[in-house]
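**Student:** Starting off with a structure, shown below.
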Amino acid sequence: MFVTNGTVFMPSMLTFIGIPGLETVQCWIGIPFCAMYVMALIGNSLLVIIIKSEPSLHEPMYIFLAMLGATAITLSTSIVPMMLGIFWLHLPEIYFDACLFPMWLIHTFQGIESGVLLAMALDRYVAICYPLRHATIFTRQLVTHIGVGVTLPPAVLVIPCLLLIKCRLKLYRTRLISHTYCEHMALVKLATEDVYVNKFYGLLGAFIVGGLDFILITLSYIQIFVTVFHLPQKEARLKAFNTCVPHISVFFQFYLLAFFSFFTHRSGSYIPAYIHITLSNLYLLVPPFLNPFVYGVKTKHIRDKVVKVFFSKDQA
């Protein structure tokens, strides 16, 4: 690392500030974040184990839910240990190259989570709009292809972001990152060089992965609601609507926080940094934390299996 006129040439180490303006209370902020992380680990692990161990749950909707749970575990684990290391252990430093791997993990699994939400929306669309054809459309082979389809594109699309940072950006105004984890734009904004290409590709990748998913999910639920409201029986309408409530809840909480974090990084200089960074952390923690509660409470089959597991243990 070389320093010239206040400019750092290819810093070997980066230092996280954490949440700017709240450094003195970060140790306390870490407590609810840690609690949410532990609950997310327990809840999502339980979901995955139950769905895997129960043959009756080996259906597309539950398979996608297990994928969502596994994604949530990986995504939250990619940020929380690093965050708590900053808050509690005062370990804010990370090697520049080592920062690129968690960056790849975070943005890849953000894309995978978005793709799984799209797969769940399409599953509900076919189940409600074409119920007699659901079993023939959502075959095991198609589910496998969807699983590969929502995993590979984000993993591949994020790689150029890392290469553009590593190969194009050599001069940095500082090695201090106003964040709690390795985020693409947080690192790009440290560079003193022209970052137009980095920003453009980041925007393009976000639209290809998250933007298209958001549009397709929205269109799917619009069509679902149109179909549901045309059902002749009130009971059938309520039943169909209730099956969509968990998905819609997760959909809104994921994309509202995602859009806030995304646009704030690019044009939200008027928003205090501590609000932006806090909500960026919540964006990656709230969905994994709430998923088990949303699906465990609203999905009868899963709720029954959870009760059965704990009831059997009590009887033993």
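Cβ coordinates are placed from backbone N, Cα and C, and glycine is handled just like the others.
Pasting the feature list from TrEMBL:
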type     : residues : note
TRANSMEM : 28-50    : transmembrane segment
DOMAIN   : 43-295   : domain 'G-protein coupled receptors family 1 profile'
TRANSMEM : 62-89    : transmembrane segment
TRANSMEM : 101-122  : transmembrane segment
TRANSMEM : 142-165  : transmembrane segment
TRANSMEM : 200-228  : transmembrane segment
TRANSMEM : 240-262  : transmembrane segment
TRANSMEM : 274-295  : transmembrane segment
**Student:** Between the transmembrane segment (142-165) and the transmembrane segment (240-262), are there three or more C-beta pairs closer than 8 Å, counting only pairs 6 or more apart along the chain?
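**Tutor:** Counting Cβ pairs under 8 Å (6 or more apart in sequence), the transmembrane segment (142-165) does not reach the transmembrane segment (240-262), since there are fewer than 3.
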**Student:** What else in the chain is close to the transmembrane segment (274-295), if you only count residues 6 or more beyond its ends and a Cβ gap under 8 Å?
**Tutor:** 18-22, 29, 33, 36-37, 39-40, 42-44, 46-47, 65, 68-69, 72-73, 75-76, 79-80, 83, 106, 110, 113, 178-181, 183, 246, 249-250, 253-254, 257-258, 260-261, 264-265, 268, 302
**Student:** When you scan the chain for residues with a C-beta under 8 Å from the transmembrane segment (200-228), skipping those not six or more beyond its ends, what do you find?
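**Tutor:** For the transmembrane segment (200-228), the nonlocal Cβ contacts are 110-111, 114-115, 117-118, 121-122, 124-125, 128-129, 153-154, 157-158, 160-161, 164, 184-185, 188, 237, 240-241, 244, 248, 251, 255, 258, 262, 266.
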**Student:** Which residues of the chain, 6 or more past the ends of the transmembrane segment (62-89), have a CB below 8 A from one of its CBs?
**Tutor:** 16, 18, 26-27, 29-30, 33-34, 37, 40-41, 44-45, 47-48, 51-52, 102, 105-106, 109-110, 112-113, 116-117, 119-120, 123, 143, 146-147, 150, 180-182, 250, 281, 284-285, 287-289, 291-292, 295, 299, 301-302
